[in-house]
Amino acid sequence: MKQYILALDQGTTSSRALLFDHKGGVVAMAQKEFKQIYPKHGWVEHDPYDILKSQLDVMYEVIKKSKVNNSQILGIGITNQRETAIVWNKKTGAPIYNAIVWQDTRTSDLCQQLKSDDNLEDYVRKSTGLVIDSYFSATKIHWILKNVKGAQKSAEAGDLLFGTVDTWLIWNLTNGASHMTDFSNASRTMLFNISNLNWDEELLEKFDIPRQMLPDVTHSGFHFGMAKLQGGDVPIMGVAGDQQAALFGQGCFEPGQAKNTYGTGCFLLMNTGEKIQYSKNGLLTTIAWGLNGKIEYALEGSIFMAGAAIQWLRDGLKMINSAAETEQIAQRVKGDSGVYMVPAFSGLGAPYWDMYARGGIFGLTQDTTNEEIVKATLESLAYQTRDILFAMANDSGVKLNSLQVDGGASANNYLMQFQADILNVLVERPKNIESTAVGAAYFAGITSGMWSMTDLKKKRAVDKTFKPKMDDFTRNYLYTGWHNAIKRCMNWAR
Ligand SMILES: Nc1ncnc2c1ncn2[C@@H]1O[C@H](COP(=O)(O)OP(=O)(O)O)[C@@H](O)[C@H]1O
Ligand SMILES: O=P(O)(O)OC[C@H](O)CO
């Protein structure tokens, strides 16, 4: 009997399901976008039921398309947009508020206030590996408890549960039997001590979050419970935040190996092994995964707006019809137009950490074309990545010779070539750019005994390597222009 692993990849803009066979090949895949809710400037929400429904829909579509029996699925691996906070009623299962998405900046002022206490900033960094920012779950949970009528009291009475998206899915898939998360997701809440692997009591008190509403935390490879599916139960055998899953899916198992995922945002992670390494250059320290009794860590550079800026060209400005056509558009522009676009729509993440930065387009002249703006937007993904890679080289002492890439926008050949040029390193794209789902499948595959680490090391296949072609003068000249543009965007909305 053939056996399979099912990966559920719950992203910021869409839910995906992929079924993998024993060789690691994709048997079937389905994807569904869901609604983004923007109630006010800087606020971003999802309906938790949209998240759940879209994820279940694609899961059943894949099972149906591939004609497998549930008993052939050895395990489910879940991976998810991280930090996004959901609070729901333990008895009814109903969320008490929409999911507050990682991009949401409604708690910026609160964070700014907290940042004025130097001791707290140091404490947060030491305990959680993070910086104080509205990006992480802690202040989002705090906001829900303070702003939804009766929520604080109910939480204290033990009637409410909190979860990141993985926890919400596990809880629903197991019909409320498991309230759990894994170390990689917990490490993004700003409430979890990454050294002693416990929820941090001092931070819980600071944010007035009752311990009892938090999930149990365990390894990324673990039996999280039985998913009660139509057609029979299937065990959930792996869980990891999407960026850590992509690091695993790209085969970055050794310290010094790194990947960059170009999705809604862009996230560059470097494996630092079992050692916690704190950044001096605005990067985050995070748990990569817990596996086989070992915890491994990573340095992370988080870019908030990447593919989302392309989506804005399509849906907001209606300048393009599809994300894919930006490749040809950018290739048509001849020479350097001097246009820069900084997509700081939700502030700037690493290495700047400026919640009050806002976007801007610079260098416009009367003959600037739409095509030049599209090109500048694509290039902003590459410039932001260069900011991070330099910070990472300074922190880790590792100078990468090549960067492994994945995620939706890594399909763009213009962008990947420009990335190689502006970094002056090789950019290597795998055959399967869905590394996030691959990573989730690997965790579940290892736990269920389908694969060993030795098997996984053999699986990576390269599609294309982009070699730098730009001369040093041009590279430095262009990058200086980017910094000038960034400077003008910072602190804008303060
Ligand atoms: N060919 C492309 N060129 C540029 N951007 C792209 C391309 N294809 C997809 N994108 C962008 O990538 C993002 C989708 O990538 P994906 O990895 O699916 O993201 P997520 O997991 O965050 O939902 C979208 O924001 C889209 O605008
Ligand atoms: O949904 P993605 O793939 O853009 O990932 C979002 C990140 O997990 C946010 O930290």
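Keep in mind that glycine also has a Cβ here, set from the backbone N, Cα and C atoms.
Because TrEMBL annotations are produced automatically, they should be read as predictions rather than curated entries.
Features reported for this protein in TrEMBL:
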type: BINDING; residues: THR12, ARG16, THR264, GLY307, GLY408, ASN412; note: ADP binding site
type: BINDING; residues: THR12, ARG82, GLU83, TYR135, ASP242; note: sn-glycerol 3-phosphate binding site
type: BINDING; residues: THR12, THR13, SER14, THR264, GLY307, GLN311, GLY408; note: ATP binding site
type: BINDING; residues: ARG82, GLU83, TYR135, ASP242, GLN243; note: glycerol binding site
type: DOMAIN; residues: 4-249; note: domain 'Carbohydrate kinase FGGY N-terminal'
type: DOMAIN; residues: 259-446; note: domain 'Carbohydrate kinase FGGY C-terminal'
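Take the binding-site residues GLN243, THR264, ASN412: by the count of other Cβ atoms within 10 Å of each Cβ, the lowest one is ASN412. Taking every pair among THR12, ARG16, THR264, GLY307, GLY408, ASN412, the residues recorded as binding ADP, the greatest CA to CA distance is 20 Å. Ranking the binding-site residues THR12, THR13, SER14, GLN311 by how many Cβ atoms sit within 10 Å of each one's Cβ puts THR12 at the top. Residues GLY11, GLY263, ALA308 surround the recorded ATP site, their Cβ atoms falling within 8 Å of the Cβ centroid of THR12, THR13, SER14, THR264, GLY307, GLN311, GLY408, which are themselves excluded.
Put simply, of the binding-site residues SER14, THR264, ASN412, the one whose Cα is nearest the Cα of TYR135 (sn-glycerol 3-phosphate binding site) is THR264.
Close to the recorded glycerol site, the chain also has GLN81, THR84, TRP102, ARG188, GLY241, PHE267, SER302: residues not among ARG82, GLU83, TYR135, ASP242, GLN243 whose Cβ is within 8 Å of the site's Cβ mean position. Comparing the Cα of THR13 (ATP binding site) with the Cα of every entry in ARG82, GLY307, ASN412, these being the binding-site residues, the smallest distance points to GLY307. Farthest C-alpha pair in the glycerol-binding residues ARG82, GLU83, TYR135, ASP242, GLN243: 15 Å apart. Of all the binding-site residues given, namely ARG82, GLU83, ASP242, GLN243, GLN311, none has its Cα within 10 Å of the Cα of ARG16 (ADP binding site). If you take the Cα of GLN243 (glycerol binding site) and the Cα of ARG82 (sn-glycerol 3-phosphate binding site), they are about 8 angstrom apart, rounded to a whole number. Taking a C-beta cut-off of under 8 angstroms and a sequence separation of 6 or more, GLU83 (sn-glycerol 3-phosphate binding site) has the following same-chain neighbours: TRP102, TYR135, PHE136, SER137, LYS140, THR164, ARG188, THR189.
When the binding-site residues THR13, SER14, TYR135, GLY307, GLN311, ASN412 are checked against ligand 2, none has a Cβ within less than 6 Å of one of its atoms. When the Cα of SER14 (ATP binding site) is compared against those of the binding-site residues ARG82, ASP242, THR264, GLY307, ASN412, the shortest separation belongs to THR264. Rounded to a whole number, the distance between the Cα atoms of ARG82 (sn-glycerol 3-phosphate binding site) and THR12 (ADP binding site) is 9 Å. A Cα-Cα distance of 15 Å separates GLY307 (ADP binding site) from ASP242 (sn-glycerol 3-phosphate binding site). Checking the binding-site residues ARG16, ARG82, GLU83, ASP242, GLN243, ASN412 against ligand 1, the ones whose Cβ sits under 6 Å from it are ASN412.
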